[in-house]
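Visitor: Here's the feature list from TrEMBL:
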TRANSMEM  A:41-63  transmembrane segment
TRANSMEM  A:233-251  transmembrane segment
TRANSMEM  A:281-306  transmembrane segment
TRANSMEM  A:326-347  transmembrane segment
TRANSMEM  A:359-388  transmembrane segment
TRANSMEM  A:408-427  transmembrane segment
TRANSMEM  A:463-482  transmembrane segment
TRANSMEM  A:502-524  transmembrane segment
TRANSMEM  A:536-563  transmembrane segment
TRANSMEM  A:583-609  transmembrane segment
DOMAIN    A:586-671  domain 'CAAX prenyl protease 2/Lysostaphin resistance protein A-like'
TRANSMEM  A:621-654  transmembrane segment
TRANSMEM  A:702-720  transmembrane segment
Amino acid sequence: MSERSEQLREKAKRAGRPRLSVVWMIYAREMMDQLRDRRTLFTIAVLPILLYPLVGMLLMQIAQFTQQHPTSICIVGTDHLIGDVPPLVKTETFVDGLTDNDERLELLCYTWNGVGRHDGVLNQAKNVKETTNNWVRDGIFDAVLVIPPKFADPQARSSDQEASMQLLYNVASDQSMVARDRLTGILSKWQSGWVRQRLETTGIDISLLAPFKLADIDIAPERTREAAFWSKLLPFIMLVWAMTGAFYPAIDLVAGEKERGTLETLLCSPALRSEIVWGKLGAVTTFSMMTAILNAGSMLVTSSFVFKQMGVGGGQVGSPPMVPMLWLLVALVPLSALFSALALAVAAMARSSKEGQYYLMPLMMVTLPLVLLPMLPGTTLTAGTSLIPVTGMFLMVRSLVEGQYAHALMYLPIVAAVTAGCLWLAVTWARRQFEDEAVLFGGGDQWELSQWVRHLWRDRQRAATPTQAFSCGAIILVALFFGKLVVTEMPTTFAGIAKLVMMPQIGMILAPTLMMATVLTTSLKHSLRIRLSNPLTLPIAVVFGICLHPTYVMLAGLVSYAYPISEQATAAMKPFTDQISSAPLMSVIFLMAVVPAICEELAFRGFIFGGLVRNRGKLRAIFVTAIMFGISHGVLQQSICATFMGLLLGYLALKTGSVLPGILIHMTNNTLSVSLERIAQSTHPAAQALVSSTGGGPEYNLVWVIASVAIASMCLFYFIRLPSVDEDAKADLVGNEEEFADPTAALSPA
Amino acid sequence: MIHVQHLTKTYDDLSRGKFVAVDRISFSVQPGEIFGLLGPNGAGKTTVLRILSTVLSSTSGIATVAGFDVSADPAEVRKRIGFVSNNTAIYDRMTAWEMVEYFGRLHGMPKKELTDRVETLFEQLRMNEFRDTPGAKMSTGMKQKVSIARAMVHDPPVLIFDEATLGLDVLVARNLLSVIRDLRESGKCLIFSTHIMSEVERLCDRIAIMHRGKILDSGTLSELRSRHSENDFEELFFGLLSNHESAENNELAHDVGAGI
Ligand SMILES: Nc1ncnc2c1ncn2[C@@H]1O[C@H](COP(=O)(O)OP(=O)(O)O)[C@@H](O)[C@H]1O
Ligand SMILES: [Mg+2]
């Protein structure tokens with residue numbers, strides 16, 4: 001039996017290896033097929049080549065239109081500029097030296113009485129006010145400067161409200177705002193000239209007015225300044241197009257072929273599923289890259305031309321530096337491949353092109369934030385951001401384009417690892433989709449609510465299905481999100497805090513889990529993975545929990561160093577931490593350790609894990625539960641720590657086949673976290689040997705840290721050595737990879 | 001050439017739960033023989049033939065094609081079969097020639113041999129008038145010919161036809177049947193599924209009548225006739241079907257009665 005399975009494994013391995021020649025044949029055919037499609041050609045090649053120049057031309061037209069429209073200003077009451085007032089206007093222009101360099105300025109001057117109707121001096125003020133208001137509102141002038149009669153009186157001028165000049169403008173009009181800015185500039189120049197003149201007449205040295213001079217100089221080399229603009233915009237454009245460029249071919253090559261029936265023709269040919277996936281993935285990636293390059297290139301060329309013509313940005317934008325942009329191409333390859341693999345996997349679920357388009361929208365919504373994030377001001381390449389998929393790559397390319405090679409190189413390993421990991425996951429997903437006959441030949445019948453409900457009830461199984469597990473996780477996360485919105489302020493009593501903790505734990509994590517486990521599965525105990533196959537795991541879990549805590553504290557320290565916690569957040573949490581540190585220890589442990597450990601573990605390492613681990617989803621179960629567990633913590637720093645913790649807990653859940661060790665570790669860990677300070681303050685010799693109180697809070701002693709790491713490693717080793725006892729993972733296996741990897745696993749009694 | 005034993009396939013279906021589409025069927029087909037799988041729509045014919053062509057995997061039971069197990073050696077099986085079904089369409093944006101040649105290349109045929117083979121096939125099936133017509137512009141009959149050429153390009157010992165005459169006019173259908181007869185003469189092993197009785201009567205050496213996932217009876221035409229003492233094949237077919245249905249319904253009623 002085992003000899004036969006050994007042979008089978010060898011054979012399957014040999015047979016399952018994709019042959020490059022076949023992959024190439026499929027790739028070439030898919031490429032040719034797409035290139036023969038007029039629609040594809042239009043969207044990837046013709047559209048960008050035409051679109052950008054057209055938009056550019058339009059922009060130039062509009063720009064010309066706005067440029068030809070000069071700023072128009074009116075001054076009313078020029079006859080009041082008398083006496084010691086220095087000259088402001090000549091006929092129809094401002095006096096030399098006051099105006100800015102911009103020629104496009106129209107000035108019209110009226111005397112006080114030159115405006116509107118003349119029915120008596122008394123009413124003239126009102127008359128002027130009305131008329132000038134109308135002028136500005138109707139856009140006859142962009143701005144109007146009114147000089148009232150009292151201005152002529154040197155005494156009143158500086159003190160009387162009624163003597164003040166009035167600048168009328170309209171904030172709703174951009175033109176008017178420009179006019180206002182220009183006019184204010186002119187007036188302030190005029191004013192300082194006046195001050196200068198006065199001081200001179202009184203014999204004061206005017207150099208006193210300016211004790212120093214300031215010259216601001218941008219030291220960034222020419223290239224960086226231009227690159228800064230383009231290095232932000234261009235990757236964004238490229239990524240968005242890489243995404244859209246992947247979507248449409250992916251839909252056509254999978255969902256479209258399913259619809260047209262050609263996929264089955266290919267499936268019954270000697271080509272392996274893996275070869276089909278690689279061939280199609282290659283074609284989609286090529287199209288994604290071509291779309292991105294053509295669009296970005298066309299935009300680059302057009303806009304540099306347009307900007308030069310328009311002289312926008314005072315040469316700051318300028319034409320983009322071409323050579324550094326080549327870095328973009330390097331980054332484009334993996335990102336296009338990533339988007340393509342995702343699009344293929346998603347498109348495989350659809351039965352027709354139309355359905356595929358519905359599916360890709362959510363995918364776009366999920367990926368878009370990763371592309372938008374680097375566009376936010378102040379986002380730079382750091383240890384934190386380099387860990388984020390797509391974003392990290394984007395930021396690294398930006399550094400490269402800006403010529404900060406050393407900086408970029410420093411983060412290259414992280415970014416490369418993250419990108420490679422994501423790519424691997426996406427490709428694996430796509431491959432699995434193509435091996436899943438439910439995905440490829442899914443029933444064509446209509447979905448009906450009542451039928452579905454009946455199906456859920458009738459086909460209940462002992463544990464959750466993967467879909468149910470995903471739904472449970474989604475329900476919990478959404479409930480937590482809305483629960484958070486409800487909490488508006490931190491309670492100040494312990495009872496209030498207890499409510500604050502219990503409500504999400506019991507109402508939003510435990511309740512949905514228990515409800516789904518009761519209704520959707522036949523065995524509550526089994527679906528929550530409450531079982532004990534090896535009693536020794538429990539005490540070892542407690543020891544592990546204790547010895548893991550110093551490492552956990554270190555991890556938390558590292559995380560808050562990489563992503564510092566804002567002072568506001570600390571301040572907001574203050575009432576909470578204060579209450580916790582003053583409440584009775586037992587209640588705190590119950591609230592912060594026992595309740596969360598039970599609720600969260602039953603949900604994440606119980607129901608959800610049990611569902612995800614099925615159908616050879618071991619890795620999926622570990623990673624997805626860890627990420628969900630992380631997100632459920634809400635605060636970024638906690639989320640990161642929790643995700644790491646979740647990975648470990650997930651691994652143990654897999655090895656022990658039970659939720660119980662996880663609960664114990666989780667409980668121990670939280671207990672230590674909330675009571676560490678008290679342990680540090682205690683006079684018990686054991687406590688003092690392990691923990692000491694420092695200014696920055698309690699700290700583990702170095703000796704114990706080292707010892708604990710050693711013991712924790714031993715515990716971990718114990719768990720690694722445990723034979724896999726996961727029934728759920730095995731339940732529905734027929735000759736899968738894991739069985740090949742460990743032929744005896746399937747033979748040992750479950 | 002083809003051996004099927006206790007083959008079972010269940011689908012996870014939303015409305016019917018675990019649905020048994022093929023229920024422990026067994027049959028075998030020899031070279032130089034046309035085996036007819038006759039059954040109404042939904043009998044499970046397509047499911048059986050998809051399992052034989054390794055596109056679907058079976059739930060239990062054994063199926064071997066040309067000595068290779070369909071679940072253990074799917075790649076070897078696919079090298080030795082040609083599968084034509086109304087679900088295996090041809091590419092819209094490829095010409096007849098390109099299409100047939102592409103699948104020949106996927107089979108790893110050397111270039112020279114492949115060109116000769118495609119020439120012969122095009123001659124044999126009289127496809128030369130539309131060798132450069134793209135799939136989108138072909139008539140149903142032309143498409144069917146391309147599909148057959150595609151399935152035959154590597155000269156497989158086993159050919160599987162799943163309702164291949166569906167949607168063809170009488171002329172084209174007749175032509176197809178004569179092609180299949182020629183294939184039998186050259187010693188191929190053929191499976192032919194249909195819901196049209198006359199085709200089976202005229203073409204097949206042995207027949208299995210399938211209904212609701214089960215094979216109700218199988219044998220040569222004369223065997224069936226004498227066993228059920230019914231000369232009219234149509235009567236025979238409907239008799240078997242209705243007997244089976246009433247038996248199944250009785251069983252169901254019995255189950256329900258026992259439950260209460
Ligand atoms: N992918 C699928 N999912 C669920 N049920 C299916 C699927 N494919 C076929 N069936 C069901 O299996 C039964 C047999 O189908 P099929 O083999 O296509 O029959 P036939 O080819 O004889 O008409 C039908 O009742 C059909 O509804
Ligand atoms: Mg059918």
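Glycine is treated like the rest: Cβ placed from N, Cα and C.
The structure displayed is predicted, hence computed values, not measured ones.
I'm curious about the neighbourhood of these features; can you describe it?
Guide: Below 8 angstroms of C-beta separation, residues 34, 40, 43-44, 48, 283-285, 287-293, 295-296, 299-300, 320, 325, 328, 331-332, 335-336, 339-340, 342-344, 346-347, 350, 353, 356-357, 360, 363-364, 367-368, 371-372, 374-375, 390, 394, 397-398, 401 of the same chain, each at least six residues beyond the ends of the transmembrane segment (A:233-251), sit close to that stretch.
Only residues 6 or more beyond the boundaries of the transmembrane segment (A:326-347), in the same chain, are considered here, and those with a CB under 8 A from a CB of the stretch are 234-235, 238-239, 242-243, 245-247, 250-251, 253-255, 277, 280-281, 284-285, 288-289, 292-293, 296, 356, 359-360, 363, 367, 389-390, 393-394, 396-397, 400-401, 419-420, 422-423, 426-427, 429-430, 432-433.
Within the same chain, residues 277, 281, 334-335, 337-338, 341-342, 345, 381, 383, 386-390, 392-393, 396, 399-400 sit at least 6 positions outside the transmembrane segment (A:408-427) and bring their C-beta atoms closer than 8 Å to a C-beta of that stretch.
Listed by sequence, the residues of this chain that lie at least six past the ends of the transmembrane segment (A:463-482) yet keep a Cβ under 8 A from its Cβ atoms are 504, 507-509, 512-513, 516-517, 520-521, 523, 526-527, 529, 603-604, 607-612, 614-615, 617, 620, 624-625, 628, 631-632, 634, 728, 731.
Beyond the ends of the transmembrane segment (A:502-524), by six or more residues, the same chain brings 456-457, 460-464, 468, 471-472, 475-476, 479-480, 483, 591, 595-596, 598-600, 602-603, 606-608, 632 to within a C-beta distance below 8 angstroms of the stretch.
Under 8 Å from some Cβ of the transmembrane segment (A:536-563) lie the Cβ atoms of residues 382-384, 636-637, 640-641, 644-645, 648, 652, 656, 658, 660-662, 664-669, 672-673, 676, 700, 704-705, 708-709, 711-712, 715-716, 718-719, 722, all in the same chain and six or more residues away from its ends.
Remote same-chain partners of the transmembrane segment (A:702-720), defined as residues 6 or more beyond its termini with a Cβ less than 8 Å from a stretch Cβ, comprise 537, 540, 543-544, 546-551, 554, 651-652, 655-656, 689-691.
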Visitor: Would you list the DSSP helix, strand and coil counts for the residues of the domain 'CAAX prenyl protease 2/Lysostaphin resistance protein A-like' (A:586-671)?
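Guide: Secondary-structure composition of the domain 'CAAX prenyl protease 2/Lysostaphin resistance protein A-like' (A:586-671): 74 helix, 0 strand, 12 coil.
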Visitor: Give residue numbers and ranges for long-range contacts of the transmembrane segment (A:281-306): same chain, 6 or more residues beyond its ends, CB-CB under 8 A.
Guide: 23, 27, 30-31, 34, 40, 43-45, 48-49, 51-53, 55-56, 59-60, 230, 234, 237-239, 241-246, 248-250, 253, 318-320, 325, 328-329, 332-333, 336-337, 339-341, 343-344, 427, 430
Visitor: Report, as numbers and ranges, every residue of the chain located at least six residues beyond the transmembrane segment (A:41-63) whose Cβ falls under 8 Å of a Cβ in that stretch; write 'none' if there are none.
Guide: 35, 241, 245, 248, 287, 290-291, 294-295, 297-299, 301-303, 305-306, 309-310, 312
Visitor: Take the transmembrane segment (A:359-388) and find every residue of the same chain, 6 or more past its ends, with a Cβ under 8 Å from one of its Cβ atoms.
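Guide: Sequence-distant neighbours of the transmembrane segment (A:359-388): 232, 235-236, 239-240, 243, 247, 250-251, 339, 342-343, 346-347, 349-350, 394-396, 398-399, 407-408, 411, 414-415, 418, 562-563.
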